[in-house]
Amino acid sequence: MADSCASDAAPPPSIGGGSFLIAWQLKDKNVLIVGGGEVASQRIESILTADALITLLAPAKGVHARTKELIDTYPSRITYYDRRFSGPAEIHKMDMVLTALDDVNRSREICEMCRKAKVPVNAADIPELCDFYFGAQIRDGPLQIMISTNGNGPRMAALMKKKIQSALSGREGEAIERVGVLRAQLKERVPGVGGALGRKRMKWMSEVCNIWEVDELMQLDDAVIKKLLDEGWEKDCVPTLAQLNGQRKRNISRRAASAVSSDPNQWLPMIGSFALGAACTMLIVLARKK
Ligand SMILES: C[C@@]1(CC(=O)O)c2cc3[nH]c(cc4nc(cc5[nH]c(cc(n2)[C@H]1CCC(=O)O)[C@@](C)(CC(=O)O)[C@@H]5CCC(=O)O)C(CC(=O)O)=C4CCC(=O)O)c(CCC(=O)O)c3CC(=O)O
Ligand SMILES: NC(=O)C1=CN([C@@H]2O[C@H](COP(=O)(O)OP(=O)(O)OC[C@H]3O[C@@H](n4cnc5c(N)ncnc54)[C@H](O)[C@@H]3O)[C@@H](O)[C@H]2O)C=CC1
């Protein structure tokens, strides 16, 4: 009986086949990089962006100029050893291991050691042994966009990056930084986690982000933030920047603000019906003229 039920049931919608995208917090964590070539230099730069502590193992004669420059520039972040990888003891205190070697067998061995020690590993030359992949990156302050083709076409990831970059103004990072400050000050004003208050705070923050344009969010300095919290949060509404600046006397209500802000599905049909109505009227007028 149970079997026949199971066979009648529709198969679940396909959901797998991707990788898990996360923003890994590596600050002050230990990352081992084995190899010092050009690929290693790119790895070092990515890892430095996340404020990790790097241990670098590579014989000096194979160290790329850019790698050398990074070692010299960030001595407090990179501990460099002029030698080869020696064995499993190297990975024990590590939170992450990266290999960028011209020796695929050694790379494979290091991956196996890491798997045994349950330390996440990326081998630049062996995708099938990687616990995670690097991706093309767009960075603008706190805004971080990673493009991954899941191992299918790294060059395509670089090209997609250019496309996405051209759709951005370059001001989003600063706007997001200001939103971060507003968010922190709101939490300071109304502390607490979860519950009805948490829901109200989240709804209000979402509304601000929906209504205010990127260029307006950039103007959220301390004075504007205070005003927005006093005139908005405290009065249970989300005024626009123009309204905050007193360009219109009356604050729009929270409901009205939502109606303006929310999705175009609400107002596009209205514009459509209006246009259709206007077109019909014109046709009637023209027909009458004939
Ligand atoms: C699986 C992965 C593992 C990992 O490195 O984590 C991997 C593996 C390999 N890449 C190889 C080749 C190239 N890699 C690039 C460039 C990038 N590769 C990156 C990531 C990744 N590369 C991971 C998957 C990411 C994804 O699928 O999205 C980027 C996105 C990020 C970064 O490296 O930081 C960075 C662009 C960043 C930017 O420009 O912004 C270029 C182009 C170029 O240099 O311009 C080429 C030559 C052209 C080509 O092959 O496309 C080869 C040798 C293949 C061979 O021997 O034929 C292997 C090994 C293999 O595939 O066997
Ligand atoms: N994932 C990616 O995006 C890409 C991956 N690759 C692959 O990445 C690997 C590295 O590429 P490059 O940096 O250009 O190579 P490279 O030849 O410039 O550098 C290799 C480095 O590994 C060091 N090394 C070799 N054996 C070592 C050991 N046992 N211990 C410590 N260091 C050791 C060398 O001294 C050298 O510094 C290659 O296998 C290449 O196929 C290449 C291009 C892109």
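Here, residue 1 is simply the first one shown, and the rest follow in order.
Just so it is clear, glycine is given a Cβ too, placed from its N, Cα and C backbone atoms.
The following features are taken from TrEMBL:
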DOMAIN    140-166  domain 'Siroheme synthase central'
DOMAIN    173-239  domain 'Siroheme biosynthesis protein Met8 C-terminal'
TRANSMEM  267-287  transmembrane segment
Give the residue counts of the domain 'Siroheme synthase central' (140-166) per reduced DSSP state, in the order helix, strand, coil. 13 helix, 6 strand, 8 coil
Reduced to three DSSP states, the domain 'Siroheme biosynthesis protein Met8 C-terminal' (173-239) has 51 helix, 0 strand, 16 coil
On average, what pLDDT score does this prediction assign to the domain 'Siroheme biosynthesis protein Met8 C-terminal' (173-239)? 97
